[in-house]
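Take a look at this one; I'll ask things after.
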């Protein structure tokens with residue numbers, strides 16, 4: 001992967017440093033670190049950081065392979081940039097970057113200064129000379145393995161840090177929204193999936209702390225659990241100046257931005273034609289581009305007030321799973337305010353003014369603003385055309401019903417009456433008169449929240465419903481549905497669709513729907529799926545042949561005799577969980593599928609002891625209960641001050657990955673020994689409540705921390721500000737979590753949890769194949785991108801076909817494969833796997849699997865079992881198998897069983 005790409009006329013940073021990272025599964029140093037001798041002279045060197053804020057230089061995990069050699073080594077992140085082809089420094093992202101100049105450029109002409117000298121193209125955090133609105137700040141600590149203490153390639157520099165001022169804390173009461181709350185949605189037929197998990201107290205051996213590294217300074221009345229991984233988090237994190245993506249709109253606090261000269265709320269909507277793309281990959285069929293990114297910071301409209309100046313504050317109120325409120329005040333504690341209800345999919349951007357003079361601005365510039373009458377009583381409509389030829393509608397609903405008589409002052413400002421109380425709404429209109437008619441009928445109404453209900457029937461059909469809470473005039477709501485919603489609408493909801501669509505940043509076209517609820521249906525849920533290998537459509541459990549059993553017995557002794565404590569008692573919840581689950585799957589295979597209980601007995605007892613260490617909270621880095629945001633987190637950051645320890649666990653990164661492995665391990669332990677459940681059930685339920693709670697009234701944990709029921713998948717990023725929004729890299733570990741709670745629910749007797757896991761798997765099977773796993777006929781991602789087959793890392797604002805730990809194809813594709821589990825063939829369709837294999841890993845393809853080295857090779861061949869179980873079996877059963885190709889979080893025992901389970905004929909050695 002090239003560390004930079006020059007695009008004429010484009011000044012866009014694509015930096016993986018600013019995002020939440022995902023740990024890789026045990027590649028070796030040689031896989032990811034290139035020396036100068038290995039690189040061609042023409043290829044720019046990767047940038048290696050000597051130290052990154054938030055990334056520990058300690059070796060977090062060194063489990064031995066069967067020969068006793070480490071199978072994971074710390075390695076650097078490959079960094080990628082889109083930079084300038086002229087005038088470096090003219091526009092600066094406030095993150096580490098590399099300016100590439102033309103040969104004729106003079107360093108002294110740069111507006112970027114580094115360490116007191118003009119920028120000469122070195123990687124750095126910019127200190128912008130003469131641009132006060134751009135602040136220096138350090139990248140958010142990210143989830144990738146620690147950087148090596150000695151750089152092995154490329155440039156070296158020490159990262160800078162700065163602490164942003166959190167700003168004043170709002171102390172006045174929350175601005176009220178006149179709501180029309182709906183009754184809790186009625187439970188649908190079948191098993192209710194949102195029943196409370198047993199509400200045990202936090203175990204006494206998990207200490208409570210009130211000093212979380214990230215303060216809730218910008219949240220109003222932060223008393224109960226606060227959602228940490230949701231779409232609006234940028235509004236209360238860092239400088240509060242990164243974008244929030246409501247889909248299809250984007251919102252950003254202007255906060256004195258010089259382009260808009262405003263402290264109001266900026267709104268934009270990006271068309272596909274505005275995207276920037278990366279370089280084509282000529283090694284893949286179709287030469288797909290490596291990434292695409294939507295521009296941020298376009299301020300098509302800004303809803304502000306003349307009173308909003310340098311003293312303006314923004315706070316967030318009522319943060320929920322689907323909604324929140326962003327509140328602007330002229331000064332902290334002021335009763336005058338503008339309140340913005342934030343709800344995923346909202347058709348209007350709504351601003352509720354309380355005694356302020358509206359100032360509606362545009363950095364794109366107004367070409368035409370014309371009054372357009374009153375579509376409803378008390379509503380005043382204006383039609384706006386901007387200089388980019390885009391059409392917007394503006395509706396004013398004064399509390400007193402009087403004509404606001406908005407005035408256009410130049411091409412940047414529309415002013416309203418002083419002391420205005422009422423509602424102003426804006427919406428982009430892509431559909432001319434038809435679009436106007438749709439918006440006109442719903443103007444004055446706005447969503448304030450979404451209530452969700454759901455059930456799963458015994459026939460394998462799951463249903464979930466969004467009931468929109470609203471306020472205002474009472475008209476039916478305009479809400480935008482993503483493609484996976486539209487695909488799964490029931491018949492009644494299909495009738496709410498309108499002939500109006502707006503593009504989203506990374507999920508295709510959103511469809512306008514008019515109504516106060518949606519109901520989605522997922523059929524063919526994997527109710528029969530258990531711990532054994534499983535095939536879609538199968539209603540029975542796999543029985544292994546005698547040949548397969550004998551082959552597994554022959555290798556079981558080596559793996560089950562490994563030092564379990566050494567591989568599970570680690571200073572990382574993530575890697576400890578992977579180690580525990582590795583042994584759990586192997587023990588289950590030997591005891592239940594092979595039928596050798598004697599061989600499994602000793603390792604089973606060892607696994608119980610290893611798990612008990614965590615239940616007793618005596619692992620290397622114990623858990624604590626965070627009493628600020630409300631959750632169970634690693635104590636590492638509290639003790640060492642490094643927010644990147646255990647990949648940001650303390651700041652709620654990736655809890656569904658980390659805790660999912662523990663939950664799945666517990667499900668297997670409880671299956672193998674039901675008596676084990678009594679002493680351990682409360683601990684495991686605590687992990688489920690933290691990462692994926694089923695209710696919103698639990699005093700200890702928020703509802704559904706990771707899984708986003710609107711987007712249909714999880715977000716991995718926690719309390720880190722991010723210019724491109726939330727993101728997720730490993731779809732397969734997302735499905736692992738859903739499978740884990742399904743199986744823990746089954747083992748522990750929680751029917752609601754089991755049903756919820758089944759429905760989550762069904763939703764994931766749909767969303768992953770719409771947005772992440774791209775078959776040739778995918779219509780939601782750009783045609784020039786789908787040849788990559790997987791997204792790599794999907795953000796709310798961009799998609800980059802890479803990983804946080806390297807750009808080898810086996811890394812990028814493989815992180816969407818592991819861990820191989822019974823659910824893998826359900827969410828990774830055979831059609832997709834076949835297309836991906838032929839394009840990437842077949843003999844003669846871009847990266848033939850037979851030439852891959854290390855643990856990724858085993859991941860690829862285990863994945864091959866979905867379409868060619870015979871070839872997969874032969875690879876793992878070969879007597880001369882290179883054991884280093886078995887990932888440290890997997891076992892040969894399970895890989896053999898998985899291939900045999902998918903193989904429909906008798907396996908003879």
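Just so you know, glycine gets a Cβ as well, placed from its N, Cα and C.
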Let me know which member of 485, 658 Swiss-Prot also records as binding (1,3-beta-D-glucosyl)n at the site of 727, 729, 733, 811.
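Matched candidate out of 485, 658, per Swiss-Prot for (1,3-beta-D-glucosyl)n with 727, 729, 733, 811: 658.
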Within 10 Å of the Cβ of residue 729 (active site), how many other Cβ atoms can you find? Include all protein chains, please.
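Other Cβ atoms found within 10 Å: 33.
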Express the predicted model's confidence over the region '(alpha/beta)6 barrel subdomain' (539-909) as a mean pLDDT, rounded to an integer.
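Its mean pLDDT is 97.
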Measure the Cβ-based neighbour count of residue 654 (active site), defined as the other Cβ atoms within 10 Å of its Cβ.
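The answer is 32 other Cβ atoms.
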Just to verify a number: CA distance, residue 729 (active site) to residue 654 (active site), in angstrom, no decimals.
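Between the Cα atoms of residue 729 (active site) and residue 654 (active site), the distance comes to 10 Å.
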Under a three-state reduction of DSSP output, how is residue 654 (active site) classified: helix, strand, or coil?
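In three-state terms, residue 654 (active site) counts as coil.
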Measuring Cα to Cα, how far is residue 733 (active site) from residue 654 (active site) in Å?
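Residue 654 (active site) has its Cα 10 Å from the Cα of residue 733 (active site).
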